[in-house]
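Quick notes on the structure that follows.
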Amino acid sequence: MNDNIILGINQYGKAEVRVVKVTRDSARHEIDDLNVTSQLRGDFRAVHEEGDNAHCLPTDTQKNTVYAFARDGIRSPEDFLLRLGRHFTGNYEVVSGGHWSAEQYQWQRIPVNGEGHDHAFVRSGQETRTACVTIDGDQTWVVAGLTDLVVMKSTGSEFHGFMEDRYTTLKGATDRILATAVTARWRYNRLDLDFNEVYGNVKRLLLETFADTHSLALQQTLYAMGKRVLEAHPEIDELKFSMPNKHHFTVDLSPFGLDNPNEVFFAADRPYGLIEASVLRESSSPAGKAWENVTGFC
Ligand SMILES: O=c1[nH]c(=O)c2[nH]c(=O)[nH]c2[nH]1
């Protein structure tokens, strides 16, 4: 039996580099707030097998590069990560690829006398924007997305006509609350994009579709959201969604002599339904390694 031990797949870098860039060219400042992870791939056998660091670019250096590059501005998370990825793969023979990902926190100007303040901001916690760049040799993939876009509809949602067996107790609903926290990622087929503009538009389409789809199942709403984005954005080939069905149960108020015409609910935190799917063009380009470092989806 050949029981040689060999090094398998590996990557390394600095995780969760928190960088805040203030653009202060004028009295009206801009804030970019990112959490960046850099992961290099390549020939790192020597450091693993021998502890030979000659071809190991320290994770500390990767962190410093994030801060140094931020000095020139962030533009968009995608552009910033592409710059990092191209820098590491372009300058070091041993680095053949890697993953660069970011979460972006959003800040809004604090309104004072009806005007957004020049340099005072409040975290606008609607959702966290995400970006992930993967490079392998001369191929590059960009996946954008968002997490925790919490939405709710107080009507316009039904769920009935489902399969039933001896364990089914759920009653069909013709008017229920639909609530979820949308986590979505989408894969671009081009890189020459205004990533900020596309992001804003995709978020708007996701919200509009959630709002204006009369839902017969969260699965149907999810699919409609993906379809709407793909129809409007030829530069996107595929979206992946992970959406918890945040159940709201009507409370029985009859012990108190009260009726409950769908007005008082118990918002359960667990368990929750978990609805996940990918929506894509049949003609889409191969996903390649686009999803390699993107976790949390089916
Ligand atoms: O939109 C829904 N999809 C389901 O698959 C499901 N299952 C369930 O119990 N409630 C719901 N709601």
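Every residue gets a Cβ built from N, Cα and C, even glycine.
Cross-referencing Arg45, Arg75, Arg176, Arg204 with the urate binding residues that TrEMBL gives (Thr59, Asp60, Phe159, Gln219, Asn245) picks out Arg176. Less than 6 Å separates the Cβ from ligand 1 in the case of Phe159, drawn from the recorded positions Asp60, Phe159, His247 in sequence order.
Phe159 (urate binding site) and Thr59 (active site, charge relay system) have their C-alpha atoms 50 Å apart, to the nearest angstrom.
A straight line from the CA of Asp60 (urate binding site) to the CA of His247 (active site, charge relay system) spans 44 Å.
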